[in-house]
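Noted in TrEMBL for the protein shown:
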type	residues	note
DOMAIN	81-553	domain 'Major facilitator superfamily (MFS) profile'
REGION	1-39	region 'Disordered'
REGION	534-553	region 'Disordered'
TRANSMEM	119-138	transmembrane segment
TRANSMEM	150-170	transmembrane segment
TRANSMEM	176-196	transmembrane segment
TRANSMEM	203-222	transmembrane segment
TRANSMEM	234-254	transmembrane segment
TRANSMEM	308-329	transmembrane segment
TRANSMEM	349-371	transmembrane segment
TRANSMEM	392-413	transmembrane segment
TRANSMEM	419-447	transmembrane segment
TRANSMEM	491-513	transmembrane segment
């Protein structure tokens, strides 16, 4: 149940301070414009005004309807929703990578070079990076279900002109619009915020992160069979079939989870029944234009990019996460060069991505006991900043080195016979372990470190992953082919190894000097000033989960 239940009333000095969340100011990601202390009692609940003030409108708060909100869904219902979300996220990332298996067919049919054909993959990823950010505010205003259904519908629609394309320009336009239509993690991670309290989110977040990275390697695995037995256009038709299937599942099985939407519905129901004629939901009390002006929307859209540039923690961890993810898409383009040396067929080439997926699975399973360890550490040391924040990076200290280790193994076993190909797959597995771990741990740390600003912080992380992956997709093959002479494969991957060493070192710097870096962050300092303690004496920021506008606190 809610962390504040059972707490004694605050003293006078605490009442004078008002609501801690509202002190964060207009920049907070989690506050509703109508959220104020004027309609609250000592517990933060809505007050029903009696007597001579019958026309006073009272806002329905989260605590007053907690048992009717998605936080109180049964465990089976939550995991049913998460499973559908898992498939949706997988399908979106599946779209980013399956296209590459149609490159040869596209090149031959439209008379273009393979290098030009790769722009269809790159442009989807680049626009996907911006699409995730552009969709976010709308899901908080109109609800997760409507926005996600619209997004899935548009993504599926844009598959059709690509599959029927009479020329390559049509493919580029369709892929660009398809990427821009993807809501991605901005909505799916927001749904986790709708159903789980901050202390209980790690397992759910790790599950959805697994689907995000897993979809990227599922594409080439399936694509090897498609490329062997079907025309290149089937790479697009299969995306459409998968996308249509998950859209139908979402429509049929997943209810609306947005907290403010539920509160509006509950308030209307109570007014209609006569229980509380002056009770209104948060969106009913605040006019649409006031809470959703274009000025405010642009401000929210720009904050992830502003934090990406100005916040050292966000910049460092996002670059690390983005570089790690970009490696996967670079490898998709370069695996042909590597495994052709051993005479791999197209199907075998696709199956060469299984070790990366295996690495993702190993990393995901390894985090489950780590979450329990981390929770014990936070409970035992409620006043320790290190326990509350940097301890979330502890497992990454052990798994992040798998990135340079995997790259150097891959680099010096990818030169072909007489070296056996199994060495490259060992390296790929280690890269997969590192890629998942970096994404999961950096998101978890940012959610905690930036509290109500975590939507913008993690938004910068997601943007970096997709944007860097898209930008580096096109130059990947020329880079691997033309650098280092006869040893071009080994030299190219050794360069990537050297870059990864610098980025991985940043994790240890953040782990050691995290408190110092947070003190230099205006966002983290705003959060620290408004941090309270829960009934167990643990540090509790106003909000610890990402949500672009508000989390219905």
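Backbone N, Cα and C define each Cβ position, glycine as well.
A TrEMBL annotation is a machine prediction, not a hand-curated record.
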Item to check | Stretch of maximal Cβ-Cβ contact with the transmembrane segment (203-222) [cut-off: under 8 Å; candidates 150-170, 419-447, 491-513] | outcome: 419-447
Item to check | Interface-richest range of 150-170, 176-196, 308-329, 392-413, 419-447 toward the transmembrane segment (349-371), CB pairs under 8 Å | outcome: 419-447
Next on the checklist: Below 8 angstroms Cβ to Cβ, which residues of this chain, lying six or more residues outside the transmembrane segment (308-329), approach it?
Outcome noted: 96-97, 121, 125, 213, 216-217, 356, 400, 403, 407, 431, 434-435, 438-439, 442, 445-446, 449-450, 457, 460-461, 463-473, 476, 496, 499-500, 503-504, 506-507, 509-510, 514, 517-518, 520-521, 523-524
Checklist entry - Of the listed stretches (150-170, 419-447, 491-513), which one yields the highest count of Cβ-Cβ distances below 8 Å with the transmembrane segment (234-254)? => result 150-170
Checklist outcome for this item: Tertiary contacts of the transmembrane segment (176-196), defined by C-beta under 8 angstroms and 6+ residue spacing from its ends, are 70-71, 73, 78, 81-82, 85, 88-89, 92, 95-96, 123-136, 139-140, 144, 147-148, 151, 154-155, 158-159, 162, 204-205, 208, 212, 257-259, 443, 455, 458-459, 462, 466, 545-548, 551
Next on the checklist: If we skip the immediate neighbours and take only residues 6+ beyond the ends of the transmembrane segment (491-513), which ones have a Cβ under 8 Å from one of its Cβ atoms?
Outcome noted: 313, 316-317, 319-320, 323-324, 327, 334, 390, 393-394, 396-397, 400-401, 403-404, 407-408, 410-412, 414, 445, 479-480, 483-485
Next on the checklist: Using Cβ atoms and a strict cutoff of less than 8 Å, what residues sit near the transmembrane segment (150-170) while being 6 or more residues removed from its termini?
Outcome noted: 88, 92, 95, 106, 110, 112, 116-117, 120, 135, 177-178, 181-183, 187, 233, 236-237, 239-240, 243-244, 246-247, 250
